[in-house]
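S.K.: There's a structure below that I have some questions on.
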Amino acid sequence: MEYKTPFIAKKLGVSPKAVVRIAQQLNLTIEKNKYGHFIFTQDDLDQMLEYHLSQIEKSQNTHPTQKTSSNDVEELKTQVNTIVQNISSHDFEQLTAQLNTITRRLDRMEEQMQDKANDVVTYQLLQHRREMEEMLERIQKLEATLKKEEPIYITPDTKPIYEREKKPKRRKMIFSIFGL
């Protein structure tokens, strides 16, 4: 079966340009139809899927998640404790001090990020409130002007001049005598 670039892009979850780039990286022979569109076979699709999945797995393995939780910190502490048993007490104290400073820094950074997020939300809420108050003022002004205006009388619909029926022209009396 033949597939076009947009279909494969949708399957892989990438852009059509990325599909062409992946095909070039895999050295696939890409055929074009009479309109200049790339045509891929089922084998090409399978190869690209395998390649794309392997790339995703690679990127996930090389880039661990940035979230740190208390469980992760505790796990690191236990790992450090096992290593420390083999190291002298002086080195152990240095490592624990470094670990404590790092955890404090992480906690501070998390608090700062949370504070910034809260500040952004607060600013957005205040902005929305201001906009709503401005809209309310405009509505009140419009209501006041409508109340001041005299009542509007609705006139019956009349057709515009260009749509009115034309009255037949009266023939001149002389023409009617001669039958013209």
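Using N, Cα and C of the backbone, Cβ positions are placed for all residues, glycine too.
The following feature annotations were taken from Swiss-Prot:
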type	residues	note
DNA_BIND	5-25	DNA-binding region
COILED	89-151	coiled coil
S.K.: Mind tallying the DNA-binding region (5-25) by DSSP state, helix then strand then coil?
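M.R.: Counts, helix then strand then coil: 18 helix, 0 strand, 3 coil.
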S.K.: Determine the mean pLDDT over the coiled coil (89-151), rounding to the nearest whole number.
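M.R.: Per the prediction, mean pLDDT sits at 88 for the coiled coil (89-151).
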